[in-house]
């Protein structure tokens, strides 16, 4: 139980920080557009990364720093692109549109899956945290790494489920046009800041 709780606590401490993946899930939950699908894809990606890390994949990033650099540049480009889309929605595109009108716009499941994959796999901070911190921490529990893995996976499942449910419950409040545009604006600004931070780590 101690090993399981260690994995659970570490997982929660990493996944609950406000980052691109969480912003994406909040947005989908508020729009009520494939929120469960979005959360499921994010969880599956996390499960794959965590399992691979505990299996020893974290050693690759430690021995090949160039790989981390490429991940950072790719992630920053993705963040800048999506930040521009959010800012357009907040400042120009959504002017005169209500949340309900935006909600009625058709978004395919395929696009949602691609976005969820992007926010999960092109998010260098999340990948580095997962592969290095979780992988390194698991080495403290030889012979009990499965319990540690279960704890980390439980944290991802609980957080994504809670975030999806909470945003759906708050959808009425988030449906106010001014609130929604603020969410879009803050999302865009945060992603720009994260993208700049990633670039600064490579300069």
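Just so you know, glycine gets a Cβ as well, placed from its N, Cα and C.
Small disclaimer: the values here were computed from a predicted structure and weren't measured.
What TrEMBL says about this protein:
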- 6-25: transmembrane segment (TRANSMEM)
- 37-58: transmembrane segment (TRANSMEM)
- 70-91: transmembrane segment (TRANSMEM)
- 112-135: transmembrane segment (TRANSMEM)
- 147-166: transmembrane segment (TRANSMEM)
- 178-199: transmembrane segment (TRANSMEM)
Ranking 6-25, 70-91, 147-166 by Cβ pairs under 8 Å to the transmembrane segment (178-199), which is first? 70-91
Can you tell me which parts of the same chain pack against the transmembrane segment (6-25), counting only residues 6+ beyond its ends and a CB-CB cutoff under 8 A? 35, 38-39, 42, 46, 50, 79, 82, 115-116, 119-120, 123, 125-126, 129-130, 133-134, 137-138, 141, 147-156, 158-160, 163-164, 167, 187, 190-191, 194
